[in-house]
Amino acid sequence: MTVFLSFAFLAAILTHIGCSNQRRSPENSGRRYNRIQHGQCAYTFILPEHDGNCRESTTDQYNTNALQRDAPHVEPDFSSQKLQHLEHVMENYTQWLQKLENYIVENMKSEMAQIQQNAVQNHTATMLEIGTSLLSQTAEQTRKLTDVETQVLNQTSRLEIQLLENSLSTYKLEKQLLQQTNEILKIHEKNSLLEHKILEMEGKHKEELDTLKEEKENLQGLVTRQTYIIQELEKQLNRATTNNSVLQKQQLELMDTVHNLVNLCTKEGVLLKGGKREEEKPFRDCADVYQAGFNKSGIYTIYINNMPEPKKVFCNMDVNGGGWTVIQHREDGSLDFQRGWKEYKMGFGNPSGEYWLGNEFIFAITSQRQYMLRIELMDWEGNRAYSQYDRFHIGNEKQNYRLYLKGHTGTAGKQSSLILHGADFSTKDADNDNCMCKCALMLTGGWWFDACGPSNLNGMFYTAGQNHGKLNGIKWHYFKGPSYSLRSTTMMIRPLDF
């Protein structure tokens, strides 16, 4: 307030004593009014004024920026009086200002108190609002901080658990690493020992190789000499075999001549020594040939009941006691077994090689007496096996040469690859199987297929290396599987009472 009044007083003095070369109006002589606006309050000051007019300085000895004077201009020799007058005027102004200040203070007390009270009330209301807002914001922030704290605690707990798990895993890994390190060290030690042993073995092996090289050279010389000897022996054997074949042929021709002579003598009624007529009994099968004293495997002539002509067959006198009549043989694929019904009926091929005896002859032979069947098998690795049946016979042509078997044994599988309950014979031109697919056309050859079945010894012949994965080959399922084509097969029969 004091500063404000000081500014007001300064403004009044400047207004009062300024020299502007303007004349005052008559109504304003002796007094001067000054109005000051401060906020909502307006203050009017009445300032006394000295009689006389301000003179304008005409001399250059005074400052050009000098203020207008209240007293009339006098000459310089009256300067002391002027100063006294000014001092007196200043004292009056000072007293007047003190009175004015006291008046303003007295009159402004109530207004200032009211203003302060209003300001305090407004400030209090504002502070209350601000406080309320701060409290609500503080509560909201506190709630958020609580949530954040909860989340932080939960996250911290999870992190602690995870850290603990990681610590356990790290401990386990360290333990495993330590164990593996120990094992690696042990293995390294073993490797060192093995390397040492290997070096020793290499030295010994080198010595042995040198020895073997010497022995190999000696053996090669020996093999060369033995090869020459073997070749000479083979030549001798071939010559002996040729001679033997000639002798066998001569023997067969001689036997045929003897049989013809016997038959001729029987028909002409020739009497033998002692005057008795003896009827010659022909060979019904190879068992009769064997029992007659012929125990060498080869081709013999037999006389089958109800057949108009004799039949040449191959007799196996070596396997399981001999006396076997061969009815089928495969060995080199030189004969085509994809034949028709009539050919399988009467037979085809050469008894000394690959051949089929003929269904009509097999039926006639097995109708004479009870027979057993033996099947010899060999694969391309040289393994041999057999299947044997205690009872074997087939029906006539009207019965489609139906197969009848009983009592299976042997090494070519625990189960029989032939149909035991009976199956009709089928060829490419006579489909008698139990399948819509015509097994004889699909699997080739003539056989007792039933529903194509697990065997076909008259199938296509495949050479070594091409015998795998062949469903239409020479197969015996329970020996080598359904798609392995065998190297050789032999089917032969012998009387049960042999």
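Backbone N, Cα and C define each Cβ position, glycine as well.
Keep in mind it's a predicted model, so treat the numbers as computed, not measured.
The stretch that Swiss-Prot tags with coiled coil, taken from the ranges 81-119, 354-392, 432-470, is 81-119. Partner cysteine of Cys315, as given in Swiss-Prot, is Cys286 (from among Cys265, Cys286, disulfide bond). Residues near Cys452 (disulfide bond) in space but far in sequence (CB under 8 A, at least 6 apart, same chain), listed by position: Asp433, Cys435, Cys437, Cys439, Met442, Leu443. On the 0 to 100 pLDDT scale, the model's mean across the domain 'Fibrinogen C-terminal' (277-497) is 92.
Neighbours of Cys315 (disulfide bond) among the glycosylation sites Asn92, Asn122, Asn154, defined as a Cα within 10 Å of its Cα, are absent: none qualifies.
In terms of local Cβ density within 10 Å, Asn295 ranks first among the glycosylation sites Asn122, Asn154, Asn295. Distance between Cα atoms for Asn154 (N-linked glycosylation site) and Cys286 (disulfide bond): 101 Å, as a whole number. With Cys286 (disulfide bond) as the anchor, the candidate glycosylation sites are Asn92, Asn122, Asn295, and the one with the nearest CA is Asn295.
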